[in-house]
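These come from TrEMBL:
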- 5-140: domain 'EamA' (DOMAIN)
- 6-23: transmembrane segment (TRANSMEM)
- 35-54: transmembrane segment (TRANSMEM)
- 69-89: transmembrane segment (TRANSMEM)
- 101-118: transmembrane segment (TRANSMEM)
- 124-141: transmembrane segment (TRANSMEM)
Amino acid sequence: MLQTSWLFWALMSAVFAAMTAVLTKLGVANINSDLATFIRTCVILILVGLIAYATKQFSAIGEISTKGMVFLVLSGLATGASWLCYFRAMSLGQASQVAPIDKLSVVLVAIFSVVLLGEKLSMVNWMGIGLITVGVILVSLQSS
């Protein structure tokens with residue numbers, strides 16, 4: 001049941017993302033943030049490549065439509081840009097401030113999903129998005 005639950009995988013993603021923030025902050029100390037991003041990307045490439053190979057998913061590449069491939073490539077470019085910006089921010093700022101601001105992506109996804117994907121959000125959903133925005137601002141404020 002857990003392995004097919006979107007909630008389980010979303011929570012696991014949150015746990016690993018939290019670990020990533022702390023490990024990134026420790027990893028970018030005294031090195032160029034672009035080099036740090038490159039190292040992280042190589043690790044991910046090898047890990048996911050091994051998973052795809054072990055599960056015999058490489059053969060499925062030929063089944064991806066041109067449209068699907070275009071969007072996957074664009075997604076990869078957006079991911080790369082996000083990681084470069086995130087690592088640069090982590091090298092310059094505090095993890096406790098950078099990570100919450102990075103999570104404004106939740107707010108932007110809600111807006112983009114409505115505008116670009118035609119998804120519908122309820123008033124309660126929008127209130128949650130508003131609370132996330134306020135929370136990000138409060139968490140990222142620097143204490144004196």
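Glycine too: its Cβ is placed from the backbone N, Cα and C atoms.
When DSSP labels each residue, the domain 'EamA' (5-140) comes out as 116 helix, 0 strand, 20 coil, counted as helix, strand and coil in that order. The average per-residue pLDDT of the prediction over the domain 'EamA' (5-140) is 92, rounded to a whole number.
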